[in-house]
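Among the features that TrEMBL reports, region 'Disordered' is placed at 26-83. Look at TrEMBL and you will find 34-43 tagged as compositional bias 'Basic residues'. Annotation comment: TrEMBL describes 44-63 as compositional bias 'Low complexity'. Annotation source TrEMBL lists substrate binding site at 135, 209, 234, 264, 268. Per TrEMBL, domain 'S-adenosyl-L-homocysteine hydrolase NAD binding' is recorded for 269-430. Positions annotated as NAD(+) binding site by TrEMBL: 300, 301, 302, 303, 304, 305, 321, 424.
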């Protein structure tokens, strides 16, 4: 077949017209040109307005209301006349109830636990104060704890992760819930205090995510620990704080480290982040991952999940690590191990997953290329030094909810997601089924600590017994129509195991 010659009009091999010739050097230079100040001044907003604007950060994605009155200033009652709650809009309860019903379908273990233990009421008399992400999955956990006999009061552990409609549904059902999306720092501590400091109600169990609730009680109401039987903590950050208290001799009640339970660490941290990192980045930036250069700081379970997802999408992934064992794992998984300074000028995305502080400093932020996306997948908002960006010479522009442009004087800009807070729960959702595993582990930890005879647990930090981890896993297997093999008597004797488990020693690393 003859081909058109765009230059001569004669049959030949296809020739590219001059105007289509790609000048890579010029193109790259053009692509990296930064917007001029003139073009953006009319659109920019000063630092004082920036990310504190409530119109974009305070509204849930289902809330189209323009009402910006603080929930603290509203007088709201549920249909039973109770006002012992503070949520964005109690009228959203019906929407929240539907979300909770959807979540129940993907949380088989909690529903099975509710069914099996409802008659025994193993948490009868328990007064649980909780501080976690308030999502549909948390609502299923709270309603399970209530069905098992507990009274609950709840606040949010993150100012952006609350689903307003779910909080409304819980408030409508009679739960004292104090949380809304887009709280200020002052609101955050006010909500925690409203959960704890209530006349005629003394908590005897704590369920925490990040350690803020535990910290607040230690700081403001230390005498409450005389009646508290135990603390259940599920995050790396919160567990770290508990071990610090224990080492200093200041931990005055037993605590259960749920984060390092096999069923939390190997499932929630890994599989949840493997799916939700892409979701959070897509919803906020609409970006394509193929060919993008990404640096993931930290190769623990969260980092492993993020790296696996990004690699599968065709991204070029670098990893930073301090631990030589995790570093070697990253290398064996095919990732290039670097120091952040070595790649900071060239990467398109920076993701922190360490649980540490000042992992990405102002110096790093200054050296990033134009339009670099910066986000955090660790629990705490200390990993990225966002405070250093709140200076007069930098301009903040709100792009959409949880997305800010931070613009340097020369026009360079970075894209900061959720102001450095937890990306997946702030900007998207997380897989319900994985949270079922974590929530069931939390429920069993509460039951164990609450019912433990005096003296079983001292004032220290404990892991759940291996048998409980195996029980949580077994409750989820029917979803997959999975059939476990059973040991014969001879096999059990050969391995030195009980036929019903536990099947691994405590030192086994899955």
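Each Cβ is built from the backbone N, Cα and C atoms, and glycine gets one as well.
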- Grab the NAD(+) binding residues from the record (300, 301, 302, 303, 304, 305, 321, 424) and give me their largest CA-CA distance in Å. 22
- Query: Rounded to a whole number, how many Å is the Cα of residue 234 (substrate binding site) away from the Cα of residue 302 (NAD(+) binding site)?
  - Reply: 14
- If you skip the near sequence neighbours and keep only those at least six away, which residues in the chain come within under 8 angstroms of residue 264 (substrate binding site), Cβ to Cβ? 234, 258, 437, 438, 441
- Residue, out of the binding-site residues 300, 303, 305, whose Cβ gathers the largest set of other Cβ atoms within 10 Å: 303
- Task: Could you tell me which of these binding-site residues, 268, 321, has the greatest number of Cβ atoms within 10 Å of its own Cβ?
- Result: 268
- Message: Return the residues near residue 424 (NAD(+) binding site) by Cβ distance under 8 Å, restricted to its own chain and a separation of at least 6 in sequence.
- Response: 272, 273, 276, 277, 279, 280, 377, 430
- Query: What mean pLDDT does the predicted model reach across the domain 'S-adenosyl-L-homocysteine hydrolase NAD binding' (269-430)?
  - Reply: 95
- Express the distance between the Cα positions of residue 135 (substrate binding site) and residue 303 (NAD(+) binding site) as a whole number of Å. 23
- Message: Let's check the environment of residue 302 (NAD(+) binding site): how many other CB atoms sit within 10 Å of its CB?
- Response: 28
- Message: I need the CA-to-CA distance for residue 304 (NAD(+) binding site) versus residue 268 (substrate binding site), whole Å please.
- Response: 12
